[in-house]
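Just below is one structure, and these are the notes that go with it.
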Amino acid sequence: MVRNTNRYSDHDVEHYDRPRRRTRPRTKDRPTYDEAVDGVVVTVDRGRFTLIVDGREIWAVKARPLGRKGVVVGDHVRVVGDVSGIEGALARIVEVRPRSTVLRRTADDDDPVERVIVANASQLVVVIALADPEPRHGLIDRALVAAYDARMTPLLCLTKADLADPETLLSTYRALGVPWVVTQRGGDTGIDGLDELRDRLEGRASVLLGHSGVGKSTLVNALVPDARREVGHVNAVTGRGRHTSTSALMLELPRASGWIIDTPGIRSFGLAHVEPEHLIEAFPDLDEMTEDCPRGCTHGVDEPECGLDVAVAEGQADPDRVESFRRLLAARSEPLY
Ligand SMILES: Nc1nc2c(ncn2[C@@H]2O[C@H](COP(=O)(O)OP(=O)(O)OP(=O)(O)O)[C@@H](O)[C@H]2O)c(=O)[nH]1
Ligand SMILES: [Zn+2]
């Protein structure tokens with residue numbers, strides 16, 4: 001997992017570390033910001049950042065030395081200036097700590113730039129309704145590709161089990177070994193299966209991704225009952241117009257038991273940046289079988305001498321698993337819908 005950090009550091013966000021023309025000489029006496037304090041970015045809105053510092057919400061902008069370096073939800077940053085959090089107070093972000101993971105999306109019709117959406121999350125929760133709306137496999141596959149590519153643990157959260165049986169859907173993902181939880185209306189909190197979901201979220205930062213109407217807001221409200229108060233006027237979780245927002249929103253779970261990051265629609269999840277070689281690394285058992293693949297083999301279904309086919313033919317690999325992996329591989333370049 002460690003190698004991840006380096007992989008991203010050299011081609012990060014929009015303008016990360018791109019050499020810039022210097023208007024003044026490189027100084028040895030750059031400010032050291034000894035007085036800076038640590039914070040976590042919980043939402044981004046047109047150049048304004050909301051951070052949590054010492055348990056309170058504060059507002060900040062980027063300090064000049066950061067230049068055009070991207071700062072995204074989930075980033076661990078250091079800030080100086082007015083960190084009181086009182087109305088009108090504005091701090092400055094002077095440093096972004098190295099990221100453990102980055103969830104990114106590539107260009108799509110709406111947005112031509114490859115972007116990091118969320119930093120430092122270790123789990124991607126794909127929220128899917130078992131009915132109303134009907135599950136879309138293409139969408140789930142694409143979300144899984146994004147998770148594996150980002151070296152995040154995927155979790156399928158299947159909602160509305162009161163409307164349809166989860167088995168059909170689960171059978172499609174069993175061969176990949178994707179963990180899952182099932183929820184439905186009912187119970188004390190209004191949602192059955194919430195405890196299991198909470199267990200899975202405990203002690204880590206998880207991104208929640210889902211198509212509109214799958215019940216994501218219902219889950220977020222059940223998990224963080226006072227979400228609305230906590231986010232205040234910044235960005236009400238369930239507020240109307242929420243899905244017109246382009247920014248993710250990070251919320252702390254009660255009793256500091258973890259963080260969830262609610263994201264707007266899954267619609268714009270371009271995956272053109274994902275390389276087959278990197279995707280297969282998420283499946284070490286399959287990766288091992290591609291050692292003798294011809295140079296440049298993508299391990300796709302049309303490859304003439306792929307080691308995966310050899311392995312299946314020799315009974316070394318589970319055909320269902322290989323097929324599922326190849327479905328993900330293909331989902332990478334399928335059109336968005
Ligand atoms: N039958 C059933 N309905 C549910 C369940 N969970 C949520 N719903 C309903 O599904 C609808 C959509 O739920 P939301 O929580 O708003 O879904 P969302 O994914 O946040 O959708 P957007 O707000 O459009 O992004 C609402 O009418 C919910 O009451 C469930 O477990 N079973
Ligand atoms: Zn191959």
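Glycine too: its Cβ is placed from the backbone N, Cα and C atoms.
According to TrEMBL, the protein has these features:
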type	residues	note
REGION	1-32	region 'Disordered'
COMPBIAS	8-17	compositional bias 'Basic and acidic residues'
DOMAIN	110-269	domain 'CP-type G'
DOMAIN	119-267	domain 'EngC GTPase'
BINDING	THR159, LYS160, ALA161, ASP162, GLY210, HIS211, SER212, GLY213, VAL214, GLY215, LYS216, SER217, THR218	GTP binding site
BINDING	CYS293, CYS297, HIS299, CYS306	Zn(2+) binding site
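Each residue contributes its Cα atom, and for HIS299 (Zn(2+) binding site) and THR218 (GTP binding site) these two points are 40 Å apart. Taking the C-alpha atom of CYS306 (Zn(2+) binding site) as reference, the shortest distance to any of the binding-site residues GLY210, SER212, VAL214 belongs to GLY210. A simple Cβ count within 10 Å picks out one of the binding-site residues ALA161, CYS306 as the most packed, and that one is CYS306. Of the binding-site residues LYS216, HIS299, LYS216 has the largest number of other Cβ atoms within 10 Å of its own Cβ. Every protein chain shown contributes to the tally, and the Cβ of GLY210 (GTP binding site) ends up with 24 other Cβ atoms within 10 Å. Overall, the recorded GTP-binding residues THR159, LYS160, ALA161, ASP162, GLY210, HIS211, SER212, GLY213, VAL214, GLY215, LYS216, SER217, THR218 cover a maximum inter-Cα distance of 19 Å.
Using a 10 Å radius centred on the Cβ of SER212 (GTP binding site) and all shown protein chains, the other Cβ atoms total 13. When the domain 'EngC GTPase' (119-267) is classified with DSSP, helix, strand and coil residues number 52 helix, 36 strand, 61 coil. The most densely surrounded of the binding-site residues VAL214, CYS293, CYS297 is VAL214 (count of other Cβ atoms within 10 A of its Cβ).
The shortest Cα-Cα distance between CYS297 (Zn(2+) binding site) and any of the binding-site residues THR159, ALA161, GLY210, VAL214, THR218 is the one to GLY210. The average pLDDT computed over the domain 'CP-type G' (110-269) stands at 84. Local packing around the binding-site residues THR159, THR218 was summarised as the count of other Cβ atoms within 10 Å of each Cβ; on this measure the leading residue is THR159. What surrounds the Zn(2+) site, by Cβ distance within 8 Å of the Cβ centroid and not counting CYS293, CYS297, HIS299, CYS306, is the set THR290, PRO294, THR298, GLY300, GLU303, GLU305, GLY307, LEU308 from the same chain.
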